[in-house]
Structure formats: structure tokens, C-alpha cells
Amino acid sequence: MLSGILFQLFYGIMGSWTAYLISVLYVEYRTRKEREKVDFRNHVIQWFEVLDGLLGKHWRNAGLFFNCTFLLFGSVIQLIACASNIYYINDNLDKRTWTYIFGACCATTVFIPSFHNYRIWSFLGLMMTTYTAWYLTIASLIHGQVEGVKHSGPAKMVLYFTGATNILYTFGGHAVTVEIMHAMWKPQKFKLIYLIATLYVLTLTLPSASAVYWAFGDLLLTHSNALSLLPRTGFRDIAVVLMLIHQFITFGFACTPLYFVWEKFIRVHETKSMLKRALTRLPVVIPIWFLAIIFPFFGPINSTVGSLLVSFTVYIIPALAHMITFSSAPARENAVERPPSFLGGWVGHYCINTFVVVWVLVVGFGFGGWASMLNFIRQIDSFGLFTKCYQCPTHKA
């Protein structure tokens, strides 16, 4: 448990650092373009465009590949989570059927124009997550330890690095940083807001994870959804419903940048007809729906996405991009936002960025990728593709 707590703190700090780097690069790109009289009133700036403007087409292509693939599977994960959670309220339908239903529900996000329209929803989502986290904490403490509880933790390296990579994924959710910043009136404040948000999230994850592990111990190794271990009560049903709404919002957060990319590809992004944009967005939802039905492995898919995609799109690429963008003396002298002196100035930035790249490449992508892929393949061997009800009781599956 100690290493889990340390990993949460460590990756929370690292995630806040790379969110800071992305915000600096966004402001640098936008300032340069606005000096060239570029108008962004009907155009949403995205991460791959920042990389293109600062570093060229090869960086753009890398950013586009990793970012879009991560957001695609991030949307898949939210859809799988919806089916996994609703099953604990109504198990008359299997999880695959619930995936069909929630896929149709989540497809309605094509009608939400931009991140400006998610402001109140993001705040409500935070309140919902707060309730669920504290429900898990209090309910686990009231429930007490199960008979014969063991706290041996992951006995194999595969399980250890799978868990560590899940934490890497949890604090690497800022693949939509640029789009959110673009929706802000003062995007320069994003980095501070993100740091505060990360600290708040830690007040939710640390107590809930510790309490659930104390109560159920090694049972968590075979139950990817902690809600399945707690007895059904009205409070648990409320937590499930709130998480369903939150996951719908998160699906929109993850999928909206994909909508923007697709709109730009078929050249309808700057059209004023929302109906036309909504209709052109529908093809984006179909592969997400399909992948959620093929790979319904809630838990293992998170760590796999974290190791293979989040490692690059959220950690490695931003750190490298920042170092290369400001590698020349003129670029550092003319930087819109210079590094604070208490972090060691430019030298400190380069040292931290180098550490981030090496650590994530070796531990996150290397060991994490090995463990996650091995675990993912085992799930396929055990349950098969298109499994009807992943980790359901035998009489229901």
C-alpha cells in the first residue's frame, strides 16, 4: 500500500508538471500566431497544431497519432465503465447489452459544440466524483475487513507494474489540455488550476484507495471495480448513478477533440451549422462503440492505454517538445513564459524534463508496457473477445 500511495503522489506531481509544459507551449504558439494576425475565433487550437507550429510536421504527426489514439481508447474506457457500473444496479441485462445502450446515449455528445458548453458539467462531475470517493471510504470502513483478509499485494512483477501504470494513466488525463485552455478566457491560469485540481484529487483517491484496500485486501486483484465488493444499498446506487453521469461527461471530454480533428479533416470545422457538424461527427462514435464491445476488459485496458499511449502523449512528447522548442538562445530570450527561478530556471527545467522522459520511457512504457500487454493478453485468453459479461458471477455470465 505504501508504494501505491507514493506512486500516486509521484505521478500526481509529474502529471502537473507536464500539464504546465503543455500550457507553456500553447501560450507560446498562440502568441506567435496572433503576432502574425491569425484569427482563432472560429477555430479550436489542438495539441497537434501546437506541435506543428513550433516544431514542424513530423512532431505534428507523432502528436496526432498518440493523442487521437489515446482519446479514442479513453472514450472506449468510459463506455466500458458505464456498462460495468450500471450492472451493479440492474443485472438483468449483461454488460455487453448495457454497452449497446450507453453507446447510443454517449453518441448524443455529437450535439455539444465545444468545451465552452462543458463548464458547468465539469463542476458537477467533480461533485459526483467527490461523493463516490467518500462513499467508498466511509462504506469500506463501516463494512470492516472481510474474513481472512490478506494484504500481500501484487505477488508478481506483472501485477505490480500493471497497478503502477494504472496510476500513471489516472494522473495523465490532460490529453485535452489544449482544447480546455482554448475555452478559457485566461488560459495562462490553467497550470495553477490544474495543480490545485490534482491536489484535490489526491484528497479523494488516497483515503478511498486506502480504505477499500484495508477492508478487502487481495480481493481487489480479481475485482477491477471496487463497487462490486460493497453490499448494495441506496448510497451505493447513488454512487453508481453519479458515476454514470460523470462517465458520460468524461466521454464527451475525451471524444470532443476527436470530433474537432475529424471536422478539420473533412473541412467542416469552421462551419456555423451545428446540425451539419453533428452529423459529420457520428462516424467517430462507431469505432469507439465497436472497440468497447470487442475489449470489455475494464481495468486491464486502462493500464495498457496508460503504458503505450499516455506515456508518450502526456509525458514524453511534451517534455521533449519543451526542450527542443527552447533549445536555442534566441528562443529562450524571447519566450512568452520564462521558467521560475525557484525551479532552477532553464537548467532546472531541462533536468526535470530529462528525468521525466527517462523515467516514463523505462518504467512507464518499458516495464509498464510489458506488464500491461501480458495481463491484457491473459484476459483475452481467459474470457475471449466480445465476451458477454466480463467478471460477472457465473450464474449471470
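Keep in mind that glycine also has a Cβ here, set from the backbone N, Cα and C atoms.
According to TrEMBL:
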- 1-361: domain 'Amino acid transporter transmembrane' (DOMAIN)
- 6-27: transmembrane segment (TRANSMEM)
- 64-86: transmembrane segment (TRANSMEM)
- 98-116: transmembrane segment (TRANSMEM)
- 123-146: transmembrane segment (TRANSMEM)
- 158-180: transmembrane segment (TRANSMEM)
- 192-216: transmembrane segment (TRANSMEM)
- 238-262: transmembrane segment (TRANSMEM)
- 282-299: transmembrane segment (TRANSMEM)
- 305-326: transmembrane segment (TRANSMEM)
- 347-371: transmembrane segment (TRANSMEM)
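The list of residues near the transmembrane segment (238-262) in space but at least 6 beyond its ends in sequence, with Cβ under 8 angstroms from a Cβ of it, reads 44, 46, 48, 64, 67-68, 71-72, 74-75, 78-79, 81-82, 85-86, 88-89, 102, 105-106, 109-110, 112, 114-115, 118, 121-122, 124-125, 128-129, 131-132, 135-136, 175-176, 179, 227, 269, 277, 280-281, 283-285, 288. When Cβ-Cβ distances below 8 Å are used as the criterion, the transmembrane segment (158-180) is approached by residues 3-4, 7-8, 11-12, 14-15, 18-19, 22-23, 26, 44-47, 50, 67, 70-71, 74, 115, 190, 194, 198, 201, 205, 221, 253-254, 256-257, 260, 299-300, 302-303, 305-307, 310-311, 313-315, 360, 363-364, 367-372, 374-375 of the same chain, each at least six residues removed from its ends.
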